[in-house]
Amino acid sequence: MKQVSIIGGTGSIGTQTLDVIAANPDRFQLVSFAFGKNIEVALPWLNRLRPELVAVLDETVKEQLEAVLDYSPTVLVGEDGLIAVATADQADIVITAVVGAVGLRPTLAAIEAGKSIGLANKETLVTAGHLVMKKAREKGVAILPVDSEHAAIFQCLNGERRQDVRQIILTASGGSFRDQTREQLANVTVEQALNHPNWSMGAKITIDSATMMNKGFEVIEAHWLFDVTYDEIDVVLHRESIIHSMVEFNDGAVMAQLGMPDMREPIQYALTYPSRLEIKGGERLNLKQIGRLNFAEASFERYPLLRLAFEAGRAGGSMPSVLNAANEQAVDRFLKGEISFLEIEASVEAALQAHENIEDPSLDQILESDRWARAFVASLSLAN
């Protein structure tokens, strides 16, 4: 039986991971669990799966949770709690599903403790890929991608030689506004932006999908996970989200991984690797019913944040950390109604232009760059 820890347990990836664990009680056991403050979502899962260690945002949430739990786990708070969950002695694998740069320290701690990582927190590699991959190599730790695109590439590369790879092709749905012009984007609402055509995801990642920032993060993540240059990564629009990504080899062969848009598939693959297990209640792919698959160019002109991600990735150093933090802050401001949809892009670009890159940043310098970018965007005054 595989022992599992989850960081970010009440978000979209976290709850779907819990679905997989609950559906396979003979294969998986939840030993530790971290979430912020969403007790309403966490409580039934905790009472059902009964992990011994729980971490929450602060003392207030701890008191509220302990008052309603029907068992008595150890409950910790704050970043120390996150790290305790990530390094729990019993855990074989840690699913890092927390959103944002807050996942960086717990992920590094889990690697240091020798835990396999099911990586759903792409910001960890975006902000500190050089530190994370170096530490993983030193500790002999497997980094298993949980997001659908990198899980697809991981499977396509299984058994292949790095020198035979010509390029990685990431597919993108195009997000909520894929059929709208940039002129039409000027006045879109938060509600419209959160209406993703294919995937059920959390609010931030749904906005990131609409701006293509999410795909930009995946470009940087692919660079670190698969040891490819940015010239060896391409992005193509694929509105059906059936082909999750592709790898082109030197002989012209292209290998693709297909499946229904169901996040339980890459989550379960990370948990069971190198084995496979039937997804209970999952919908099987029926190509005859789908009929056709469509592809189009992912234009930098249409999606400026994708361009900025390539630029920040190539620049390296502290630039990707600024890219991520500026975007997080800008998306938060958009969700609060403080800025328009297009001003997300303007905020991120302004932060990158204002930042003085640190070429080989330490962890502290990465976190300081993160803080600087958030403060910069929070104080930015933009004309609507």
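Cβ from N, Cα, C; glycine included.
What Swiss-Prot records for Thr10, Gly11, Ser12, Ile13, Gly36, Lys37, Asn38, Asn121, Glu123, Gly202 is NADPH binding site. Glu123 (NADPH binding site) falls within a helical segment according to DSSP.
The number of other Cβ atoms within 10 Å of the Cβ belonging to Asn214 (1-deoxy-D-xylulose 5-phosphate binding site), over all protein chains shown, comes to 25. According to Swiss-Prot, the feature 1-deoxy-D-xylulose 5-phosphate binding site maps to Lys122, Ser148, Glu149, Ser173, His196, Ser209, Asn214, Lys215, Glu218, an assignment based on sequence analysis.
Per Swiss-Prot, the feature Mn(2+) binding site maps to Asp147, Glu149, Glu218; the stated evidence is sequence analysis. According to DSSP, Glu149 (1-deoxy-D-xylulose 5-phosphate binding site) is assigned to a helical segment. The Cβ of Glu149 (1-deoxy-D-xylulose 5-phosphate binding site) has Leu170, Thr171, Glu218, Ala222, His244, Ser245 as same-chain neighbours under 8 Å, each 6 or more residues away in sequence.
For Lys122 (1-deoxy-D-xylulose 5-phosphate binding site), applying a Cβ distance below 8 Å and a minimum sequence separation of six or more within one chain yields Asp147, Asn214, Phe217, Glu218, Glu221. Apart from the site residues Asp147, Glu149, Glu218, the chain places the Cβ of Lys122, Pro145, Ser148, His150, Ala151, Leu170, Asn214, Lys215, Phe217, Glu221, Ala222, Ser245 no farther than 8 Å from the centroid of the site's Cβ atoms, the recorded Mn(2+) location. Most buried of the binding-site residues Thr10, Asn38, judged by other Cβ atoms within 10 Å, is Thr10. Long-range Cβ contacts of Glu123 (NADPH binding site) within its own chain (separation 6+, distance under 8 Å): Val99, Gly100, Ala101, Gly103, Leu104, Phe217, Asn324, Glu328.
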